[in-house]
């Protein structure tokens, strides 16, 4: 059976190899007689799965040893509270608001610390990014929060900001939920990174947190123990029962990522090349069209989430119906911005983008 191409923004498509391996191991993982879903999280079988997943993620992302990797629950939305509960010390936090997700983040953080919006792209309707040189950063801020890829508006920081160069000693907190593992990360610029797995790493249910060790141990007294980073780190993410099956699928995805090759590049470097090629193909098709529009500035277009509008919005339902008939699924844009959105995460093959581009051209010719 040929599977359709799923352009969902998340939960998103998973590598077919991963799904097939999980299916083969569903009833009996490696001769254990158990499904992973049935295992004790403290048994040797699951401990092996967890340790391999953590080691593979560290290797893939080239995460230095002075960072802890935590497998948590609650998704990126919960991290909007968990981060200030752990590292704000009840003080100041600066936020760069570039779309829906960073806006949600700053609103949530206000419950726990003094929030300042250091920069925003609201005047451009979230279609550009405020240059770092214009950010109004406070010298005594506990941290600076940036969403490095806005899933809804389709804007992405092509490089991480260098806070030290901007005169700030605050740790940079990045929400990389929707582009984690799509490109390398310069960890010298980062204090803490978090991301839900359900876009690029696995199913919903597990949240990856990468936190510098010096940021541990400063949680507010009201922080729930299950969300205290130091407690989670000290217990190897097993303080409470972790989302075992989601961690298992994420681990299979890490192994799949390690196998990726693009020329001489492997792993995340190969994935970045692959993602750049997919994004270029789709943006070129939109830009050379007379029917479709992408309003995001070219210097900050997301490689993962490509929103676009039809100039004649009365054709939207026809477009979506035709796409579904061709096996191109979940292209409807977010309700807050309308139009269409193609999410082309790591697991989306080039063939999927080629099929979408072919349909874009076919639909335009039909309705020219």
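Backbone N, Cα and C define each Cβ position, glycine as well.
Reduced to three states, the DSSP call for residue 42 (L-glutamate binding site) is coil. Take the CB of residue 42 (L-glutamate binding site) and look out to 10 A: across all protein chains shown you find 9 other CB atoms. Taken from Swiss-Prot, the feature L-glutamate binding site covers 42.
The pyridoxal 5'-phosphate binding site annotation in Swiss-Prot covers 101, 151, 175, 198, 240, 241 and rests on sequence analysis. Sequence-distant neighbours of residue 198 (pyridoxal 5'-phosphate binding site) (same chain, 6+ apart, CB under 8 A from its CB) are 10, 11, 12, 75, 204, 205.
Counting only same-chain residues six or more apart in sequence, the Cβ atoms lying under 8 angstroms from the Cβ of residue 199 (N6-(pyridoxal phosphate)lysine) belong to 9, 10, 11, 12, 151, 177, 178, 179, 180, 304, 343, 345. Taken from Swiss-Prot, the feature N6-(pyridoxal phosphate)lysine applies to 199, supported by sequence analysis.
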* Asked: Which entry in the list of binding-site residues, 240, 241, has its Cβ near the fewest other Cβ atoms, using 10 Å as the limit?
  -> 241
* To do: Would you mind checking how many other C-beta atoms are within 10 angstroms of the C-beta on residue 101 (pyridoxal 5'-phosphate binding site)?
  => 20
* Return one of helix, strand or coil for residue 101 (pyridoxal 5'-phosphate binding site), based on DSSP. => helix
* **Coarse DSSP state, helix versus strand versus coil, of residue 199 (N6-(pyridoxal phosphate)lysine)** => coil
* Asked: In sequence order, what residues of the same chain, 6+ apart, have a Cβ less than 8 Å from the Cβ of residue 175 (pyridoxal 5'-phosphate binding site)?
  -> 76, 79, 101, 102, 105, 145, 146, 147, 148, 193, 194, 195
* Cα distance (Å, whole number) from residue 240 (pyridoxal 5'-phosphate binding site) to residue 42 (L-glutamate binding site) -> 11
